[in-house]
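Below: the structure, in structure tokens.
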Ligand code: PRP
Ligand code: URA
């Protein structure tokens, strides 16, 4: 069985090329990710955990948001406080599996608009095929966070970024639960401006393009399909 702890070494070996990858190693995220990976975790618990981890990761992904000073009154008296300075956010799940992360983000950033990109991987070529796209009209003004639990070959994430950039998007991040080294390399080589936030960088892909050890098929586990 592959050792998850060996993955840190890979991060070091990647050196400079890992500089736009943020591995969220908070104990709560890692604990919940272990439960998500477990083959004995059923669909209900899997869905709840994916949403919870997405919410915890949102805390880090939104760290870049600028603050502005505001004046408010507490019950005791006047107070200068800080609030987020009007950045417009958008979350863009890649269907289907990205849907499992949406509510986690919306719990923390309820004003975010939600776009949807429908892609599936052709089982033979492993290349993504687009079947749906609906984005906020002002996508070029928004800080966009693409949501997809799995960055495997990187084909789907790269196609999603291509599509968003074609629509004029200027600021894009990717949030996933598990990334493969191959997926990071593929996305980073085409879109080095896209920061990748992940809870883990796993060992490799297998011959079917699945992440090893990964968590299996994220869409199937979320929605109980096979
Ligand atoms: C999975 C996953 C990603 C994609 C990752 O989706 O949710 O979107 O594969 O693989 P890649 O990095 O090699 O492109 P899938 O195509 O299985 O569709 P689904 O979410 O509808 O199950
Ligand atoms: N898609 C998944 O759902 N899991 C993988 O490991 C790779 C692609």
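Residue 1 is the first one shown; counting continues down the chain.
Glycine residues also receive a Cβ, built from the backbone N, Cα and C atoms like all the rest.
Owing to the predicted nature of the structure, the values given are computational and were not obtained by experimental measurement.
TrEMBL names 96, 121, 148, 149, 150, 151, 152, 153, 154, 155, 156 for binding 5-phospho-alpha-D-ribose 1-diphosphate. Of 38, 217, the residue it gives for the same site is 217. Taken residue by residue with DSSP, residue 216 (uracil binding site) is part of neither helix nor strand, so it is coil.
The 6 Å Cβ screen around ligand 2 retains nothing from the binding-site residues 96, 148, 154, 156. Proximity to residue 148 (5-phospho-alpha-D-ribose 1-diphosphate binding site), judged by a C-alpha distance within 10 Å, picks out 218 from the binding-site residues 211, 217, 218. By a simple count of nearby Cβ atoms, those within 10 Å, the most crowded of the binding-site residues 148, 217 is 148.
Ranking the binding-site residues 96, 150, 152, 154, 156 by Cα distance from residue 217 (uracil binding site) puts 150 first. Checking the binding-site residues 96, 211, 216, 218 against ligand 1 with a 6 Å cutoff on the Cβ atom leaves 96, 218, in sequence order.
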